[in-house]
Amino acid sequence: MAPTPCFNCKEARAVIIRPKNRHKLCRACFINIFETEVHETITGANLFFRGERVAIGASGGKDSTVLAAVLKTLNERYDYGLDLCLLSIDEGIRGYRDDSLETVKRNAVQYEMPLKILGYSELYGWTMDQVVQQVGKKGNCTYCGVFRRQALDRGAGRLGIQHVVTGHNADDVAETVMMNLLRGDLPRLSRGTSIVTASDASDIKRSKPLKYAYEKEIVLYAHHRQLDYFTTECIYSPEAFRGSARTLIKDLEKIRPSSILDIVKSGEDMAALVPTGVSGSGKQMAGAAEDESAGGCGSGNGRTSGGEMAAMEKQLTENDAAESRETEIKISNGGRAIRGPTGKAVKAQTLKHCERCNYISSQRICKACTLLDGLNRNRPKTAIEVSVGMEDEEASSTLMRQMERAQLSAT
Amino acid sequence: MTESSNASQGEFPIPITVEFTGGLELLFGNERKHKVVLPARLEDGNRPNISYLLKYLVENLMKDQRKDMFIMEDNVRPGILVLINDADWELEGEETYELQQGDTIVFVSTLHGG
């Protein structure tokens, strides 16, 4: 077959067909266009401000590695003036995280960014290996997911950084839209599509600059720039990546590649229709901040972007029209009922701080602390004292100290 | 396979490089790069194409029992990218592409975690 020339430069050999428009591009044009589109996403949503310190949630996998590489490139090319660093969470799974953390360490050198690795053991007093020893392989993903959700925020907090970016891509968002559609969770569907999640209650803002980037293009970008990334399956959840929503997305992409961005677009449009008062209160949502959807992991690293920082998020990027239909969830002490469009009362959620660790929670005790309670209760010969009522800023480190003590006395 | 008849036809076997990345290497003995030599002609007289290569890989190279992690309905599982000499296989005719000496075929999974 004769080589196809690049759609863009008309000269070099095309090596890529873009999923979203079927354009055939050469290597150089593809890399350039991919970066330019991420730049447009960033500027279009006013994601950053000059001088901002930004932590990149880095797992050593393809998405976060591409995110780090692209942000470094764009920060230099367009002079964003960002102070970038890498933030990695070590779940404490020997043989799984060890290798990917080595990748992150290499990335830190390659991209000249400082790196902070924060362990579950340090944060919670338990590694995932120890959790699995205690609870078995079944259900351990719940623990991992709940812990991970808080971990990035806490890590950023420790670094004094108020903005965490994650590598969630268009496929992830489409998957979240489908999952929430399938389970009839319109509120969470709405939240999962927003590019920025931030809250009055938390200092930490989260965003996903690769929200419109196809997973396929992320992988190809990594391939053609020969980025150093690591892939493996979590040893405790080897089948996790075969999630049905994921398979559905990939099957649809095969038939009609634009499906993925179309689903993202549909999700955004549906989000704009979510009636007042519902957007923040998910159906049977146990805890917004520590929302655990579908086993936490999906394919590797917190794939299910749906519920993160969910109910307290304030959508920054939407236009005025949508804003008038939106509800901001305010931190308050009393609950209030809001009537949905059907006249059916929708229970609104009130967010407060966990009494133990001060993390955002819809419950008195956040989900991570509840899970820790269960774990610690069953840890033999461990006396845990928890001082309920610590509401000051130090409360979270108090939890950590308690957990450290717990670990010391257990070993 | 049919090397003697190939030789008599004056055709040489086709050496190629096959690479598995993005997590797929786990299905192939945790080896990324494999050297494979394909016959110049198949028993039906055709030259080996990607379809044949897939079957060959599953039968000869795949260590993992979970064949459906790589192949579905006799084709590559959706979510796995195929690059023929670094170009998307869709640009080269997908499974009908006939392999040439020295080709590099890369299989990249997008299904694993990032």
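Every residue, even glycine, has its Cβ placed from backbone N, Cα and C.
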ATP site partner of A:GLY57, A:ALA58, A:SER59, A:ASP63, A:GLY167, A:ASP172 (as recorded in TrEMBL), chosen from A:ILE31, A:ILE33, A:ILE89: A:ILE89
Position of peak Cβ density within 10 Å, selected from the binding-site residues A:ALA58, A:ILE89: A:ALA58
Including all protein chains displayed, how many Cβ atoms other than that of A:SER59 (ATP binding site) lie within 10 Å of its Cβ? 27
Per-state residue totals over the domain 'Cytoplasmic tRNA 2-thiolation protein 1 C-terminal' (A:353-382) - DSSP helix, strand, coil: 12 helix, 3 strand, 15 coil
How many other Cβ atoms sit within 10 Å of the Cβ of A:GLY167 (ATP binding site)? 27
Secondary structure at A:ASP63 (ATP binding site) (DSSP, helix/strand/coil)? helix
Chain B interface subset of binding-site residues A:GLY57, A:ALA58, A:ILE89, A:ASP172, CB distance under 8 A, sequence order, none if empty, is none
